[in-house]
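The block underneath contains the structure these notes are about, expressed in structure tokens.
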Amino acid sequence: MFFQDVTRIVGALSTWWWLILCLMFLLYIALDGADLGAGIFALFSPDEEERGAIMASMAGFWDGNETWLVVAGGILFGAFPSVYGSAFNYLLIPLAFALWGIISRAIAFEFHVHAIGSKRFWGWMFAFGSVLAPFGAGVALGGALQGFPMAHHIAAEGVAGAHANAFDAVPHFAGGPFTFLSPFSIWTGFGAVIAASLAGGLYLCARFVPGDVIHERAKKWTNAFSMIALAAIVITLIWSYAIFPWAAAKWTGANWWVWLIWILVILGFAYKSMTAHAASRDFVALLWGEGVVALMWFAMWATMFPYIVPHTWGIQEASNPADSLAVFTLFMTGFVPIMILYNWYQIWVFRGRYTKKAMYAGH
């Protein structure tokens with residue numbers, strides 16, 4: 001009875017943290033993805049004044065948006081240490097590129113506002129990091145969907161096979177530094193840049209007043225990337241169906257009609273975003289667009305269930321023991337809602353719309 005209770009506790013807590021991990025990654029993608037997309041837009045800015053205005057438009061909350069990635073890493077470390085450890089073996093290179101991009105942006109933010117002769121350099125560094133971060137993260141995501149190459153060895157040297165049991169088998173990374181690399185993972189890297197570009201366009205439209213030069217350029221940018229993103233989604237779904245049997249089995253199984261309804265809802269959200277954008281209801285368009293991102297992210301996690309890494313780590317298999325999860329839950333459960341409330345308040349305070357010149361004056 002005791003062991004059954006422990007098993008139930010581990011199952012409940014591990015699934016709970018799997019859901020929270022999903023939410024933390026989503027918050028990072030939705031919030032910082034728009035910042036990154038604005039940075040990609042800045043790569044094509046005609047002058048340094050516009051690039052500085054774009055940087056200033058997110059000065060109040062860009063660093064807060066990135067904290068969700070830190071929280072997601074903390075949850076992986078505290079609740080799913082096996083995934084945390086193997087991920088930084090298997091995905092070291094793309095994660096390093098993503099981190100390099102994030103660091104480049106952070107440095108550029110701080111130096112650009114104070115620079116005199118090197119302002120143009122820091123503006124380009126900001127745009128460069130904005131491209132590199134989503135590309136590296138997208139490649140890492142594609143590599144994770146392919147599964148981690150893991151093997152097992154016997155922990156105790158010289159233990160006879162008759163005495164070895166399942167608890168002696170220690171999983172370890174069995175691939176090389178470029179095992180993650182494949183046409184699909186490279187594609188998901190480009191797909192992440194496309195998605196961020198669309199989110200960035202919607203963000204800039206909502207951030208700058210209608211008629212401002214940045215707003216008008218961002219509107220044309222968003223119109224173009226709406227079509228590019230739609231094509232990228234179709235390509236990714238078809239490719240995933242072709243190479244991932246676990247995904248194809250879920251999508252065409254007994255509950256195929258649920259996935260069909262889900263696709264229709266996503267298309268409905270996308271349509272509402274596009275019509276709101278066409279009507280210059282920019283903030284509403286941004287919200288509907290983020291809704292599309294959320295629905296697609298939840299669909300991916302539902303497809304992976306009950307795995308946290310497809311056909312490598314199951315949720316319960318990868319989780320910490322029950323006592324460790326209980327302590328982790330005790331300390332983190334109150335922390336996450338406080339962060340959500342604080343970040344929402346931060347966004348609300350800096351919700352105003354600006355013009356290019358007004359923004360650049362402070363950056």
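Note: Cβ is positioned from N, Cα and C throughout, glycine not excepted.
TrEMBL: automatically predicted annotations, no manual curation.
Annotation comment: TrEMBL describes 16-44 (among others) as transmembrane segment.
Below 8 angstroms of C-beta separation, residues 36, 39, 55, 59, 62-63, 66, 69, 122-123, 125-126, 128-137, 139-140, 143-144, 148-149, 173, 175, 177-180, 185, 189 of the same chain, each at least six residues beyond the ends of the transmembrane segment (90-109), sit close to that stretch. Here TrEMBL flags 90-109 (among others) as transmembrane segment.
Annotated transmembrane segment per TrEMBL: 121-141 (among others), in sequence order.
Summarising the annotation, TrEMBL assigns transmembrane segment to 184-206 (among others). Same-chain neighbours of the transmembrane segment (184-206): 30, 33-41, 54, 57, 94, 130-131, 134-143, 145-146, 214-215, 218-219, 221-222, 225-226, 228-229, 232, 235-236, 239, 243, 273, 277, 282-283, 285-286, 289-290, 293, 353, counting only residues six or more beyond its ends whose CB sits under 8 Å from a CB of the stretch.
Here TrEMBL flags 227-248 (among others) as transmembrane segment.
Positions annotated as transmembrane segment by TrEMBL: 254-271 (among others).
Long-range Cβ contacts of the transmembrane segment (283-305) within its own chain (Cβ-Cβ under 8 Å, at least 6 residues beyond either end) map to 22, 25-26, 29-30, 33-34, 145, 195, 198-199, 202-203, 205-206, 233, 246-247, 250-251, 259, 262, 265-266, 269-270, 272-274, 276-277, 315. Under the heading transmembrane segment, TrEMBL lists 283-305 (among others).
Per TrEMBL, the feature transmembrane segment maps to 325-345 (among others). Panel annotation: around the transmembrane segment (325-345), residues 9-10, 13-14, 16-17, 20, 24, 27, 31, 61, 64-65, 67-68, 71, 74-75, 78-79, 319 of the same chain, lying at least six beyond its termini, place a Cβ under 8 Å from a Cβ of the stretch.
Counting same-chain residues at least six beyond the ends of the transmembrane segment (121-141), those with a Cβ under 8 angstroms from any Cβ of the stretch are 33, 35-40, 42-43, 45, 48, 51-52, 55, 87, 91, 94-109, 111-112, 115, 180, 185-186, 188-193, 195-196.
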